Amino acid sequence: MSDTVERVKKIIVEHLGVNADKVVENASFIDDLGADSLDTVELVMAFEEEFGVEIPDEAAETIFTVGDAVKFIDKASA
C-alpha cells in the first residue's frame, strides 16, 4: 500500500471515526463511511494540509471515494 493511501486512510479514520477496515479504495465518503457534506469539506481541507496540494472546488466535487482522493493527490503531487 502506498504512502498516500496510508496517509489518506489515517485522515479519514481520524475525521470520521470509522474503522480503518472500512476505508477501502472504492468506499464512498457519504454512502459507505457516513460522511455528510461538511465532513467532505473538512476531509478535503485535511488532505490539502497533509499533502501540501490545492484541491479546487471543481475537483473536490469529483472526489467521492477513497480511491478518487488518492488518485487526485498522487496526480497533484507529481
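Heads up, residue numbers simply count up from 1 along the chain you see.
Glycine is treated like the rest: Cβ placed from N, Cα and C.
Residues or ranges marked as domain 'Carrier' by Swiss-Prot on the basis of sequence analysis: 2-77. Residues of the domain 'Carrier' (2-77) grouped by DSSP class, helix first, strand second and coil last, total 48 helix, 2 strand, 26 coil.
Counting only same-chain residues at least 6 apart in sequence, none has a Cβ under 8 Å from the Cβ of Ser37 (O-(pantetheine 4'-phosphoryl)serine). Residues or ranges marked as O-(pantetheine 4'-phosphoryl)serine by Swiss-Prot: Ser37.
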Per-region confidence, the domain 'Carrier' (2-77) (mean pLDDT, whole number):
97
